[in-house]
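Q: TrEMBL lists these features:
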type	residues	note
REGION	1-87	region 'Disordered'
COMPBIAS	65-74	compositional bias 'Polar residues'
TRANSMEM	149-170	transmembrane segment
TRANSMEM	182-202	transmembrane segment
DOMAIN	192-571	domain 'Cation/H+ exchanger transmembrane'
TRANSMEM	265-285	transmembrane segment
TRANSMEM	291-312	transmembrane segment
TRANSMEM	324-351	transmembrane segment
TRANSMEM	357-380	transmembrane segment
TRANSMEM	392-411	transmembrane segment
TRANSMEM	423-442	transmembrane segment
TRANSMEM	454-474	transmembrane segment
TRANSMEM	480-502	transmembrane segment
TRANSMEM	554-576	transmembrane segment
C-alpha cells in the first residue's frame, strides 16, 4: 500500500502542490442562560496565514436536526429491523403538524418574549436539581428554573419569619400601616423596580429611586417624624459598605505604577466640579459659602454603582481592555468618592461644631491624620486577627472590617471629628486588602469583597428607596429646580472638558479621553448617602433656625436632582459611546466556579501602553494551537516541494 507521502507526491506532480489548511472548531458550549448576549463564545478559527479567516457565531443547526420528526417517513415506506415488518407510515397531516410546531418554536426564539425570558435567566456553573415534571409545569425558558424559584421562595419565607418576629417584639410599628412595615414594603418594591430597570441595561438604582418617588407622592409611604432617626442610621450603614468596597477595589501594586495618573484624574476634575457647584450655589441659590462648599463636596463624587455595571458589559465584550480603561475609570471613581466623603466630613465638622475657633481650624489636619492612622492600624490588625489558617477566616475578617468601619464612622461623629471616620474606613479596607493579597488572596476574587457585595444587595434598595421617598414633588420650587438643573448640566460639561484637557501624557487618544471624561459624570451613591445628612443634623439641633433648615433642604434637593439628571444619562452614554470610542479586542472571561463573586474590573489589570505598541489587528489574535498548525502546514508544504 503506498504511503500518504507518495499519494501526496503523485498528486503534486499532476498539478500545483496543495497546502493543508488546519481548521479548528471549538466545541459548542451549551449555555443555560444568556447574561451576555452581545458576546458570542463560539468562534470558528482558520489558519493564521489564510486570507479567508472568518470570525463570527458558530453555525446553527436546523430546527429539524436531531428532532423526533423523521423526514424520511414522508417519502417512502421504511422497513424496521424485524423480518418482513413494515414501519407504521406517518400520515401527511401528522408530519405537517410537526413541521408547523417546529416553525412555531423558531418564531418563538425570535420573539421579544423569548429574548426577555433569556435575559431574566441566570447561567449556573454547578449542577442543578429540579423535581420531576417541573419542565411540564414551568417550561423552559418562559418560566424560571427551579433554583431561581426556590431561591425567591426561601427569601420570601425568611422575610415573613422576620416580619412576624418583629411584630411580636415591636408591635404596631411593624404591623400593616406602621412605618417599619412601610419601609419593608418600600424596600421590596424598590428591589423589584431595580430588577425591571436592569432589563433595559440601565443601572438598578434608577428603578429603586423612581419607586421611592412614586411611593412618596402617591401616599403609600410616610417615613417622616421620629422614624427619620432610623433612616438616618440606615444611610450611615450603607455609607460604611460603600467606603469598604471602594477600599477593597484599589490594588496597591498597580497604584504604585500609575499613581500620578490616578491622582491627577481623580483630584483635579473633582476640585473643578466642587468649586463650580459652590460658586453656582452661592450666587444663584443664595447659600452661604460654607453651605455651598458642603454641597460641592457632595455633588463632585462619582457613583461606582452606575459606572461599574456599564463598564463590566463593555469589558466582557473586549472594549478598552488593551489599555485597561475600564479599570482605570473605576479606580479613579474610588479615589473620587473617598475625597468627597472626607471633605464633607471635615466641612460639616467645622460647620456644626460648637468648639472654639482654634479647634475648628485644627479640624482638617486632625481628621486627615486621625483617619489615616486609624485605617492603617486597623488594616494591619486585620492581617493577624484572625490567624490566616483559621477555618472561619472569611467571616471573621468580614466582621472585623465591617465593625471597624462602624466604629470609625459612628465614633468620629461622637467626638465631633466626622471627617476622620470615612477616611479611616477606606484606608482600613485598603491596608487589609494589601496584606491579604500578600498572603495569597487575589484582588478580583477576594471572599471578603463577596460578603460586602451581599451586604450592598441588601442595603442598595433601602438607601435609594428612602432617598426617593424623601422627594415631595408638590413642595418643589420650580425656580430652584430650574437653577439646579442648569447648574448641574453646565458644571458636568465643564468637568468633561477639563478631564479631556488634563489627560495629556496618559497615552490615551482623543476618543478614549472623551469616553473617560463622560464616564465620570454619573452621580448616585454618595449623593444618596450624604445629601440628607445635613438636614438630619440641623433638625437634631434644638437651637436651629429657619434659614438653616432651608439651606439643608436645598442641599438635599440639589443632591437628589443630580442623581435623577446624571445617573440615567451617564449609563446611556457609557453604553452607547463605549462601542464607538473604544477599541475592541478579543476578550473572554473564564466562568467562575462555586460561590465566588462576579468578575468586575479592578486596578489589577491596568496596563496603559504606547499607541505604537498596539497591534493593528487586535481582533485577529490567533491562539497557540492555530499558529502551531499553520507552522506545521508550512513545513509539510516545504517538504513536498523538496521531494518534488
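Counting starts with 1 at the first residue shown.
In case you wondered, yes, glycine gets a Cβ from its N, Cα and C as well.
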Q: Do the transmembrane segment (480-502) and the transmembrane segment (454-474) come close, with at least three CB pairs under 8 A (pairs 6 or more apart in sequence)?
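A: Answer no, regions not in contact.
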Q: What stretch, picked from 265-285, 291-312, 454-474, 554-576, has the most CB pairs under 8 A with the transmembrane segment (182-202)?
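A: Comparing 265-285, 291-312, 454-474, 554-576: 454-474 has the most Cβ pairs near the transmembrane segment (182-202).
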Q: Out of 265-285, 357-380, 454-474, 554-576, what stretch is closest in contact terms to the transmembrane segment (423-442), meaning most Cβ pairs under 8 angstroms?
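A: If we count Cβ pairs closer than 8 Å to the transmembrane segment (423-442), 357-380 scores highest.
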Q: Under 8 angstroms for C-beta pairs, at least 3 of them, ignoring pairs fewer than 6 apart in sequence. Is the transmembrane segment (554-576) in contact with the transmembrane segment (357-380) by that rule?
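A: These two stretches do not touch.
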